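Asks: Have a look at this one.
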Amino acid sequence: MIRVGQGFDVHQLVEGRPCIIGGVTIPYEKGLLGHSDADVLLHAISDAILGALGLGDIGKHFPDTDEAFKDADSLKLLEDVWKLAKERGYKLGNVDSTIIAQRPKMAPYIPQMAEVIAKALEAEEISQVNVKATTTEQLGFPGRGEGIAAQSVVCLVKIVL
Ligand SMILES: Nc1ccn([C@@H]2O[C@H](COP(=O)(O)O)[C@@H](O)[C@H]2O)c(=O)n1
Ligand SMILES: C[C@@]1(CO)OP(=O)(O)OP(=O)(O)OC[C@H]1O
């Protein structure tokens, strides 16, 4: 059996925060604002996995009112979400994601992001994890550099023993 899920997240870009996307710290003049480290890509992937499992969203599992998740490492949150999938007998089919950002340029960091995500989701091969990036041609909030969005689609495959 396969299950699919999708996730979408947005975080504001502000001065004085590190720019952490896909578990990679990108050198940039601004970073993403959030209760956690605000890793917009890992949040979208976490939501996609939770969606595939029918388990709600990351706000339900890691409330932003809980001090335990203040400045949380989103890679740890993704690993916790992945445990829920494994406990239910799923392995990764594939995950495809898009980062929507006018700047910074993501391309140089995408291979490292894919490695981080593949490791967290225990992928058998790197081709199971795809990360893309697009601008919005200077339109809307990403185009004005006010924030970054990410969306993700995940396919989970039930392990048959
Ligand atoms: N923040 C970004 C946005 C885009 N890219 C790469 O540039 C290509 C062209 O982007 P368009 O929005 O003009 O289609 C895109 O396919 C990405 O490879 C990027 O690295 N970082
Ligand atoms: C990750 C959590 C929890 O620290 O906080 P944020 O970093 O604000 O992220 P968001 O995507 O708004 O929602 C999930 C939150 O509960």
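Glycine too: its Cβ is placed from the backbone N, Cα and C atoms.
According to TrEMBL, the domain '2-C-methyl-D-erythritol 2,4-cyclodiphosphate synthase' annotation covers 2-156. Residues or ranges marked as 4-CDP-2-C-methyl-D-erythritol 2-phosphate binding site by TrEMBL: 9-11, 35-36, 57-59, 62-66, 101-107, 134-137, F141, R144. The divalent metal cation binding site annotation in TrEMBL covers D9, H11, H43. Taken from TrEMBL, the feature site 'Transition state stabilizer' applies to H35, T135.
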Asks: Could you state the whole-number distance in Å separating the C-alpha atoms of F62 (4-CDP-2-C-methyl-D-erythritol 2-phosphate binding site) and H35 (site 'Transition state stabilizer')?
Replies: 10
Asks: Restricting to the domain '2-C-methyl-D-erythritol 2,4-cyclodiphosphate synthase' (2-156), what is the model's mean pLDDT?
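Replies: Averaging the confidence scores along the domain '2-C-methyl-D-erythritol 2,4-cyclodiphosphate synthase' (2-156) gives 98.
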Asks: Can you list which of the recorded positions H35, S36, F62, T134 have their Cβ under 6 Å from some atom of ligand 2?
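Replies: List returned for ligand 2: H35, S36, F62.
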Asks: Please identify, among the recorded positions H11, H35, H43, the one with the smallest Cα-Cα distance to P104 (4-CDP-2-C-methyl-D-erythritol 2-phosphate binding site).
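Replies: The answer is H11.
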Asks: Fewest other C-beta atoms within 10 angstroms of its own C-beta: which of the binding-site residues D9, D66 fits that?
Replies: D66
Asks: By the DSSP assignment reduced to helix, strand and coil, which category contains F141 (4-CDP-2-C-methyl-D-erythritol 2-phosphate binding site)?
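Replies: Going by the DSSP assignment, F141 (4-CDP-2-C-methyl-D-erythritol 2-phosphate binding site) falls within a helical segment, counted as helix.
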Asks: By Cβ count within 10 Å, point out the most packed of the recorded positions listed: S36, T134, T135.
Replies: S36
Asks: Return the residues near H35 (site 'Transition state stabilizer'), defined as same-chain residues 6+ apart in sequence whose C-beta is under 8 angstroms from its C-beta, sorted by sequence, else 'none'.
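Replies: Sequence-distant Cβ neighbours: D64, F69, K70, D71, A72.
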Asks: Which recorded positions out of H11, H35, D66, T135 lie by ligand 1, going by a Cβ under 6 Å?
Replies: T135
Asks: Just name the winner among F62, F141 (the binding-site residues) by count of other CB atoms within 10 A of its CB.
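Replies: The residue with the densest Cβ neighbourhood is F62.
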Asks: Rounded to the nearest Å, what's the C-alpha distance separating T135 (site 'Transition state stabilizer') and F141 (4-CDP-2-C-methyl-D-erythritol 2-phosphate binding site)? Just drop the number here, would you?
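Replies: If we compare the Cα positions of T135 (site 'Transition state stabilizer') and F141 (4-CDP-2-C-methyl-D-erythritol 2-phosphate binding site), the gap is 11 Å.
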Asks: Near P104 (4-CDP-2-C-methyl-D-erythritol 2-phosphate binding site), how many other Cβ atoms are within 10 Å of its Cβ?
Replies: 19
Asks: Per DSSP, to which secondary structure element type does D9 (4-CDP-2-C-methyl-D-erythritol 2-phosphate binding site) belong, with helix, strand and coil as the options?
Replies: strand
Asks: If you draw a 10 Å sphere around the Cβ of H43 (divalent metal cation binding site), how many other Cβ atoms fall inside it, taking every protein chain shown into account?
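Replies: If we count other Cβ atoms within 10 Å of H43 (divalent metal cation binding site), we arrive at 28.
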